[in-house]
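Copied over from TrEMBL, here are the features:
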ACT_SITE  H:Arg88  active site
ACT_SITE  H:Glu91  active site
ACT_SITE  H:Ser114  active site
DOMAIN    H:75-147  domain 'Cyanate lyase C-terminal'
Protein chains: 10
Amino acid sequence: MMTKDDVTMMILKAKKTAGLTWEGIAEKIDMSPVFTHSACVGMNAFPPAKAEELVKLLALPQEAAQVLAESPNKVFAQTVPTDPCIYRFYEIVGVYGPTLKALIHEKFGDGIMSAIDFEMSVTREPNPKGDRVKVEMSGKYLQYKAW
Amino acid sequence: MMTKDDVTMMILKAKKTAGLTWEGIAEKIDMSPVFTHSACVGMNAFPPAKAEELVKLLALPQEAAQVLAESPNKVFAQTVPTDPCIYRFYEIVGVYGPTLKALIHEKFGDGIMSAIDFEMSVTREPNPKGDRVKVEMSGKYLQYKAW
Amino acid sequence: MMTKDDVTMMILKAKKTAGLTWEGIAEKIDMSPVFTHSACVGMNAFPPAKAEELVKLLALPQEAAQVLAESPNKVFAQTVPTDPCIYRFYEIVGVYGPTLKALIHEKFGDGIMSAIDFEMSVTREPNPKGDRVKVEMSGKYLQYKAW
Amino acid sequence: MMTKDDVTMMILKAKKTAGLTWEGIAEKIDMSPVFTHSACVGMNAFPPAKAEELVKLLALPQEAAQVLAESPNKVFAQTVPTDPCIYRFYEIVGVYGPTLKALIHEKFGDGIMSAIDFEMSVTREPNPKGDRVKVEMSGKYLQYKAW
Amino acid sequence: MMTKDDVTMMILKAKKTAGLTWEGIAEKIDMSPVFTHSACVGMNAFPPAKAEELVKLLALPQEAAQVLAESPNKVFAQTVPTDPCIYRFYEIVGVYGPTLKALIHEKFGDGIMSAIDFEMSVTREPNPKGDRVKVEMSGKYLQYKAW
Amino acid sequence: MMTKDDVTMMILKAKKTAGLTWEGIAEKIDMSPVFTHSACVGMNAFPPAKAEELVKLLALPQEAAQVLAESPNKVFAQTVPTDPCIYRFYEIVGVYGPTLKALIHEKFGDGIMSAIDFEMSVTREPNPKGDRVKVEMSGKYLQYKAW
Amino acid sequence: MMTKDDVTMMILKAKKTAGLTWEGIAEKIDMSPVFTHSACVGMNAFPPAKAEELVKLLALPQEAAQVLAESPNKVFAQTVPTDPCIYRFYEIVGVYGPTLKALIHEKFGDGIMSAIDFEMSVTREPNPKGDRVKVEMSGKYLQYKAW
Amino acid sequence: MMTKDDVTMMILKAKKTAGLTWEGIAEKIDMSPVFTHSACVGMNAFPPAKAEELVKLLALPQEAAQVLAESPNKVFAQTVPTDPCIYRFYEIVGVYGPTLKALIHEKFGDGIMSAIDFEMSVTREPNPKGDRVKVEMSGKYLQYKAW
Amino acid sequence: MMTKDDVTMMILKAKKTAGLTWEGIAEKIDMSPVFTHSACVGMNAFPPAKAEELVKLLALPQEAAQVLAESPNKVFAQTVPTDPCIYRFYEIVGVYGPTLKALIHEKFGDGIMSAIDFEMSVTREPNPKGDRVKVEMSGKYLQYKAW
Amino acid sequence: MMTKDDVTMMILKAKKTAGLTWEGIAEKIDMSPVFTHSACVGMNAFPPAKAEELVKLLALPQEAAQVLAESPNKVFAQTVPTDPCIYRFYEIVGVYGPTLKALIHEKFGDGIMSAIDFEMSVTREPNPKGDRVKVEMSGKYLQYKAW
């Protein structure tokens with residue numbers, strides 16, 4: 001059986017050969033770059049129609065479409081990520097986590113931001129002192145139920 | 001000696017007594033709510049002038065201004081945060097970490113988003129299907145130096 | 001300032017003195033026993049009106065009502081719980097976790113059961129071979145958003 | 001020698017080819033979906049007769065029946081599960097563990113719910129505000145022996 | 001409120017003053033030494049009548065009887081025990097765990113030895129080559145339920 | 001070179017083919033079932049003569065006798081065992097560890113039970129309320145040397 | 001696809017065959033020895049032109065140049081390094097970490113030394129009492145932004 | 001008895017009151033700032049004469065001199081430091097550890113840099129693109145003995 | 001009740017006041033310095049007569065003698081010791097552990113060195129190239145029992 | 001490329017075939033048994049001449065000599081060793097670590113025993129009550145530098 005890992009390998013190879021970018025792929029299948037990359041590396045499931053489009057775009061075997069649409073088992077192996085680019089986000093959660101909680105509480109009440117009904121983008125913000133990485137997250141507010 | 005923890009306790013008490021919000025406090029000292037909360041709970045250092053303003057606003061003892069302006073030792077005790085509101089952000093870093101890295105690489109080159117030259121905001125996004133939490137981060141792009 | 005821990009201590013003492021049960025307390029304030037216990041030990045926030053009722057029922061100081069209605073910081077100190085009664089539930093998550101995921105996927109699609117819009121009950125199931133503990137959980141299904 | 005992992009792979013492949021669901025398989029061998037899935041992925045042992053039925057249903061090699069009936073070594077590799085769907089159950093144990101213990105104590109005495117003489121179901125609960133996942137667990141109450 | 005720890009301290013002090021042994025105490029209240037010690041250090045709950053006897057025997061305050069009969073929260077702080085006397089038992093579980101499982105399986109079927117409906121004793125076995133520690137455990141066999 | 005793991009695989013296969021039990025094998029080579037299983041899965045070394053007998057009994061290649069008699073490197077990969085049957089023993093060490101220590105101290109003095117000059121058995125104890133697993137351990141008492 | 005690990009293996013082999021040193025290689029491609037080694041073992045990305053030079057110098061396949069210029073995923077598997085040569089640096093961070101922080105704070109303000117805009121060298125310092133290892137690090141000072 | 005922690009508190013207070021810097025203190029007792037800070041926070045032992053000078057300089061009680069000269073127990077509580085300023089050095093050890101080892105090996109042979117016969121400095125390096133933190137370490141090379 | 005920690009504090013104070021060394025104390029009570037220090041810091045139990053001698057020597061309260069003779073609970077809080085002096089011994093066990101095992105096996109058979117029937121000394125070995133620390137351990141060989 | 005692991009396998013095979021002991025091999029190449037074993041299993045580097053002698057003695061391929069003389073990467077995978085023979089040494093470091101530190105301090109000053117300029121031996125000590133394992137370590141004393 002073809003696995004999510006197998007398909008990721010095929011995508012990376014096809015992408016390299018075709019000289020595509022994640023933004024380019026995302027645009028062609030009309031999805032966001034964040035979700036597209038995430039589903040291509042097996043951390044999300046494509047809607048079936050999008051999986052079909054991607055398979056056509058990259059000329060992957062037909063079975064790959066089914067695999068890309070399967071619900072993945074999300075495993076992140078490192079409790080504390082070591083890559084500096086990812087660690088900085090872990091650090092932000094550590095340093096600002098209580099602040100995020102306090103402000104969500106103040107603006108909404110006793111609840112959380114959903115990580116499921118959630119979307120995110122990464123953009124390049126031009127800046128004379130050096131361009132900046134802008135990350136925008138939007139998640140549905142979920143109120144704790146009291147019963 | 002007065003510690004950062006002592007001052008945090010004083011602030012929480014004064015805030016409760018005065019019926020203030022973090023947004024309200026931030027506005028009065030003309031700083032962002034995220035940074036204001038973060039510095040009030042001892043995870044950041046206020047610029048001295050802002051520390052003075054806060055001390056006046058909340059009628060804290062004068063020594064508190066100096067303490068609020070000191071460089072803090074940032075300790076986050078839980079490697080994996082257990083509070084659901086904070087855990088969701090940890091989960092986002094775990095699930096989307098490789099995606100953030102790939103897109104930063106694609107848009108900028110081999111580097112990272114700074115967590116030091118960094119700012120963040122939390123806003124309420126009205127939505128007919130249920131309001132959403134919007135988190136925006138902006139950090140300077142830092143290119144790996146090759147030497 | 002009065003903390004959640006302080007209030008928990010007061011509640012445990014008042015409950016012991018009055019010879020009340022959690023079920024009894026819950027019934028008097030018209031909430032479920034699970035939520036009532038959970039909020040009394042500081043793992044959930046009472047709706048303000050319910051906090052007021054509880055404070056009256058147990059003759060706690062007025063400040064306690066405000067504390068009981070505050071959003072708590074949910075900390076569970078043991079990554080693997082050692083108490084046998086709690087460990088068995090941890091074991092169930094370990095053994096049946098992949099099964100819960102597979103069946104949720106089969107019945108709903110790619111998503112999860114919310115632990116926020118969530119309720120739970122514990123009942124005693126009479127059984128001639130020995131009574132049984134029945135635990136019922138109900139959480140809103142949340143579909144992963146693809147964007 | 002054929003291992004539990006080998007048999008799981010065969011089952012997943014046969015299930016996919018035949019377009020079966022876990023519910024469908026469970027119904028055909030007259031067992032619950034939870035136990036059926038769990039035993040198919042090697043976390044429980046089928047009673048020999050059920051193993052035979054499954055082997056016939058999915059046309060697996062005869063040796064598989066013996067393997068499916070063997071007592072498995074239950075290993076769950078992640079101390080804290082990272083998949084969001086499974087993590088939510090871990091979170092529930094963390095947040096409500098002391099509550100489950102307190103209510104079991106109140107209703108039964110000093111003891112626990114068995115995770116061995118145990119059964120569980122997952123059902124879809126229709127709800128106008130969004131359908132809900134219902135999980136029901138029933139385990140024999142075991143009283144601590146004092147001797 | 002008096003805690004389990006408070007009562008343990010009182011017992012240790014009274015035992016020292018009176019020059020009693022655990023065996024002696026156990027005999028006087030007609031329980032086993034293992035259970036008696038375990039409940040005295042807060043890892044088990046005495047049946048109420050036995051708690052009363054112990055309180056009388058050691059002249060503890062009356063409130064202690066209620067505390068000794070409460071269901072304890074069993075916390076063992078060290079994942080790997082460091083005391084050599086306790087570590088050896090941990091080592092035995094590590095080295096012989098798979099053997100215990102295989103033999104229980106062979107003699108009983110797919111199930112476990114209960115640690116709840118369980119009793120244990122420690123005796124001194126005279127031996128010309130050096131006396132031996134004999135530990136006997138007896139726990140009810142629990143068969144995995146298939147449903 | 002043939003490894004301990006290779007030989008374990010051969011033994012498990014031969015045992016299955018011949019329809020033998022661990023008790024049966026142990027009896028044939030006149031050793032205890034616990035030690036026999038333990039040495040067969042590579043956690044102990046057979047005395048050379050016993051290794052020869054086992055090799056003949058199961059018709060293993062001659063080199064296996066030498067391997068079975070080698071001193072093994074005892075590795076137990078899980079700090080906290082997850083299989084419920086083994087976990088219960090870990091739990092017993094956690095809950096009753098201080099009790100075992102206190103009673104050994106009371107009966108012998110300042111020392112430990114050896115896990116090296118050690119033997120163990122598992123037997124089935126008939127009981128009208130449900131048969132019981134009986135585990136008996138006997139280890140030489142070792143007194144701490146003071147010098 | 002050729003991976004970073006594949007290329008590292010090729011480089012180590014070519015280096016051994018040619019009898020080169022890291023210093024020698026670094027000099028030939030006009031980069032520092034620290035960066036050269038680091039990029040050769042996959043912990044940094046070569047600028048494309050330097051990757052080309054290295055590929056020519058060591059007669060590697062052309063595809064290797066592209067791989068050497070890719071942004072690596074920096075994984076360091078040991079949380080506490082066990083090799084004594086590397087551990088000593090970990091120890092220095094543990095012992096002198098608070099000192100480094102205090103002196104950076106004193107000389108610069110509330111900020112850190114960048115590990116991205118960073119360079120390092122290792123040199124041999126002759127000394128009559130035994131030569132010394134000199135390690136020099138230089139990283140851009142980054143001031144915490146207050147906003 | 002006065003502890004190292006007590007003395008550290010006294011020093012921090014006296015330093016604040018007198019408006020001294022670590023550099024200033026170090027200069028007055030003619031030692032390096034790194035060693036001075038490190039010994040003041042209890043991670044190193046002052047030579048007795050220097051301890052005396054420090055005690056005089058800051059008008060500490062006489063007993064403090066003896067305490068400052070005692071061999072400390074060096075405990076660093078966080079396996080992975082969370083403060084960003086210290087974490088960056090941990091990251092450098094993770095990313096460049098194998099490189100440091102390879103270059104030390106190349107320049108010296110099979111051995112390590114001592115962290116005991118060791119010294120370090122921190123200086124500010126002016127730079128038009130932003131000043132830089134310069135850290136210099138020098139430790140005696142120790143060759144592995146072969147015997 | 002007086003604890004082991006209380007007595008350790010008294011001993012350290014008395015030792016400091018009297019200007020004694022561990023060697024000096026050990027000699028006066030005719031025991032080895034290693035065992036004497038170890039029992040004084042609560043990691044071993046003094047034989048009652050020696051406890052009496054020590055109490056007299058240092059003029060401790062009489063109750064201390066009983067405490068010093070009690071069996072201690074040996075807790076070492078750091079899994080990996082951070083103090084460099086202790087870490088080096090941990091490193092030796094890590095690097096040479098398999099070697100110690102192989103040579104014990106070669107010289108004795110399948111068994112271990114006892115850490116209970118065990119003694120150790122530390123001496124200063126004069127050496128023109130720098131004096132050396134000599135550590136000698138002697139523990140009874142214990143043969144694995146086969147049964 | 002031949003690795004250290006490859007060479008270790010060759011040595012173990014040749015040693016078995018030739019019926020040699022570690023002591024015998026060590027004597028033939030005129031090195032200590034501890035160092036010889038350690039370097040043969042890849043935890044130390046042989047001096048080139050000794051590597052050549054070993055290669056000749058065991059008739060290994062010529063490339064092995066170069067590999068045996070390379071500086072190894074010392075990795076010990078288990079933070080807490082599980083093999084009982086090795087664990088006992090870990091336990092000794094845990095129990096007697098503070099004692100070793102105190103006595104080294106008393107005899108030498110503020111410093112440590114080197115684990116690099118270090119040697120060790122294992123001998124069999126005849127004893128009528130049972131032979132003993134004698135382990136002797138000698139490491140250069142290294143004084144902390146104050147600067």
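Quick reminder: no glycine exception, Cβ is built from N, Cα and C everywhere.
Unlike curated entries, TrEMBL annotations are predicted automatically.
Note that the structure is predicted; figures quoted are calculated from it, not measured.
Recorded features from TrEMBL, shown on the structure.
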| residue | record | Cβ within 10 Å |
| --- | --- | --- |
| H:Arg88 | active site | 24 |
| H:Glu91 | active site | 23 |
| H:Ser114 | active site | 22 |
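Confidence in the domain 'Cyanate lyase C-terminal' (H:75-147), given as mean pLDDT, stands at 97. Distance noted between the C-alpha atoms of H:Ser114 (active site) and H:Arg88 (active site) is 21 Å.
Taken through DSSP, the domain 'Cyanate lyase C-terminal' (H:75-147) splits into 25 helix, 27 strand, 21 coil. Chain A comes within the C-beta cut-off of under 8 angstroms for the following of the active-site residues H:Arg88, H:Glu91, H:Ser114: H:Glu91.
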